[in-house]
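A.B. asks: This is the structure I have questions about; it appears just below.
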Amino acid sequence: MASRYVAVGMILSQTVVGVLGSFSVLLHYLSFYCTGCRLRSTDLIVKHLIVANFLALRCKGVPQTMAAFGVRYFLNALGCKLVFYLHRVGRGVSIGTTCLLSVFQVITVSSRKSRWAKLKEKAPKHVGFSVLLCWIVCMLVNIIFPMYVTGKWNYTNITVNEDLGYCSGGGNNKIAQTLRAMLLSFPDVLCLGLMLWVSSSMVCILHRHKQRVQHIDRSNLSPRASPENRATQSILILVSTFVSSYTLSCLFQVCMALLDNPNSLLVNTSALMSVCFPTLSPFVLMSCDPSVYRFCFAWKR
């Protein structure tokens, strides 16, 4: 019983904190739009990242909290399919836009002699198309997911062997379940690898740039962190948060797919891991962008 209340508190806290953080960042960009300020090309990616995070939080955190409070059968089969589908789409777009953000950042900071330099002028023109393509791919990849989910009260049409908290997953074919888990995890693993490679390239570029600047003029060094250092720190924080949260989330999802009847602890822990990055990423963006931080905490003045 105690573990149940702990799970309720953690899921509810994650949901509330994540939603507030997402709204704060969105309001910041809305203020830019209303005042006519010119946005960077990557700001469009950030806005879609925040929307995807909000969708993932709303469709996972709220129903999971209600289920942890003991509310039963509040979603029918169609509701379960829709909520799970929207969560998967939001989760996928969150991963994809984070990967896109890393790619466009490394193109931005690359030197003229870098292998990324050829894309420097073309990349800003394709930001909107890249984000739209990310949404379309996530919608198509996850369209099979609702086929295996139903309401907890509807056990007549499929064999239920997975308790997913507020809904149930069906099917008793282990091979099919394993293939489904691998298919759904493949885009995540692909984005993980791509973002690690791109981010490591960016860190190397910034490190070489810092060494050249120090070599040219050591007398102008300031004790404050340089923009390159702040960019490097933001990359490392975002990549570390992304890799750790989604690696654990994928592992828990694979375990749930392979087990016949996962217990409530595994279900709640999987829910916590799945909304970990959507909860933390707005605050990572705040810490990396001084203008966002000043806007979101202006009430303290």
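Here the Cβ of each residue, glycine as well, is placed from N, Cα and C on the backbone.
Below are the features I grabbed from Swiss-Prot:
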TOPO_DOM  1-5  topological domain 'Extracellular'
TRANSMEM  6-26  transmembrane segment
TOPO_DOM  27-48  topological domain 'Cytoplasmic'
TRANSMEM  49-69  transmembrane segment
TOPO_DOM  70-88  topological domain 'Extracellular'
TRANSMEM  89-109  transmembrane segment
TOPO_DOM  110-126  topological domain 'Cytoplasmic'
TRANSMEM  127-147  transmembrane segment
TOPO_DOM  148-185  topological domain 'Extracellular'
CARBOHYD  ASN154  N-linked glycosylation site
CARBOHYD  ASN157  N-linked glycosylation site
TRANSMEM  186-206  transmembrane segment
TOPO_DOM  207-234  topological domain 'Cytoplasmic'
TRANSMEM  235-255  transmembrane segment
TOPO_DOM  256-264  topological domain 'Extracellular'
TRANSMEM  265-285  transmembrane segment
TOPO_DOM  286-301  topological domain 'Cytoplasmic'
A.B. asks: What is the average pLDDT across the topological domain 'Cytoplasmic' (286-301)?
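C.D. replies: That stretch averages a pLDDT of 54.
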A.B. asks: Under a criterion of three or more Cβ pairs within a distance under 8 Å and sequence separation of at least 6, are the transmembrane segment (6-26) and the transmembrane segment (186-206) in contact?
C.D. replies: no
A.B. asks: Does the transmembrane segment (186-206) reach the transmembrane segment (265-285) with at least 3 CB pairs under 8 A, where each pair is 6 or more residues apart?
C.D. replies: no
A.B. asks: Counting Cβ pairs under 8 Å that sit 6 or more residues apart, are there three or more between the transmembrane segment (235-255) and the transmembrane segment (49-69)?
C.D. replies: no
